[in-house]
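Notes follow once the structure below has been shown.
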Amino acid sequence: MAHLLHHRRQRLRASGVHSRGAGFSRARPATGGAGRPAGDDVTGVLAGLGAAVGSATRMNLAMLADLAFGTRGAWLVKLAIAISLAGWFGVNISVLGAAASGALSQMGFPAVTPPMVSIPVSLLIAGVALRGVHGLERLGQALLPLAFCLLLASVWMVRHDLSIVLSTTPTGALGFGAVVSAVIGSYIVGVMIQPDYGRFIRRPPAAFLGAGLALGLVFPLMLLGSALAPMVTGKPDLIAAMILLGLGLPALAVLLLGAWIDASACLYSAGLSLANLLPRLGFRPAIIGIALLGVGLSLAHADQFFIPFLVSLGVVLPPVAAVQIVHGLVPQVRRRPTVALRPGALVAWGGGIMAGLAAGRSPVSSGIAAVDSILVAAILSALFLWLSFARLRKVVVSA
């Protein structure tokens, strides 16, 4: 291992180029390099606001959709969210099976195929999701210290080479807007489901800080830590680097638990959305059905053809989050009765989608698709709310 790291050190000195593990840090240093923290900041604020709205209203994602869009309008929102969450569950399971199979093969267990990992894990995940949010909380409490210790160990083992890697000039071509949109889009599903968990937190400021710091600070730091070992060793991912460093089994355990948490959260929220969309189905059958769908997607290698579709949903979901946050933050909105359709919210959603698609081609665009979609949806939503309350005040005064 020492010989391989020495060889890698010489290559870094000679080439001055990051390896594939560098991720978004390969963007242009003056523009795209700043996109990673900017995207993290937007994601953290959006997640914090979503969790705070959940705490203030005690409403989950599906209930907030009813409040903002009306029961019929929310049907489209719930359908998009349920498809996205169920799809991400299938992709997570598929990626987990492939990664675990590859890691075990490198450690001398070539007979373990991806389905041998993904099928039992998906069934176990369904069991955790059926226990509700408390099962996910216990899993997270066990995983975070393990993952943190493993990342610290990996950084410590390659510490002598970090100065070479960090002083290397990035050579990638991603611009600022592309990086920000990619960062926001990569975790927009996680942002969307924050009300599902924030509603269990007593005080909205605590919910905001918890979700905001988790996704805006801790998560990016863990991503940075996970990129350092692959950058030094020249491996394409953290698991391969950990195997080279002699930490294969602990890394595999954290991979399994991390994917377990991510997939469990997707499955739990997908079950809530689907059960709310189809009340006769119920939560438990929804969880079981989505788990079986995940197994099918895994066997079909969903990560190879389903990801482009899910990325396209990243254009659709950010404005939904903006509309629901605006509605949830206004106390008067929370007290009004639920109706079948709220056209203003649907127009705001559509306007946000169009703004995201037109990013960079409009004179008033920020050049960042995700930011444009969020801002336009929030502004239109606030405008329609103001108009509706102004019209209501006129009716009251005239009466």
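Just so you know, glycine gets a Cβ as well, placed from its N, Cα and C.
TrEMBL labels come from automatic prediction, so no person has curated them.
Computed from a predicted structure; not experimentally measured.
TrEMBL has this to say about the protein:
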COMPBIAS  1-12  compositional bias 'Basic residues'
REGION    1-37  region 'Disordered'
TRANSMEM  79-100  transmembrane segment
TRANSMEM  112-130  transmembrane segment
TRANSMEM  142-159  transmembrane segment
TRANSMEM  171-193  transmembrane segment
TRANSMEM  205-232  transmembrane segment
TRANSMEM  238-261  transmembrane segment
TRANSMEM  281-300  transmembrane segment
TRANSMEM  306-327  transmembrane segment
TRANSMEM  339-360  transmembrane segment
TRANSMEM  366-389  transmembrane segment
* Asked: Which residues of the same chain, at least 6 past either end of the transmembrane segment (339-360), have a Cβ under 8 Å from a Cβ in it?
  -> 68-73, 76-77, 177, 181, 315-316, 318-320, 322-323, 327, 366-378, 380-381, 384-385, 387-388
* Asked: Which of 79-100, 112-130, 238-261, 281-300 has the most Cβ pairs closer than 8 Å to the transmembrane segment (142-159)?
  -> 238-261
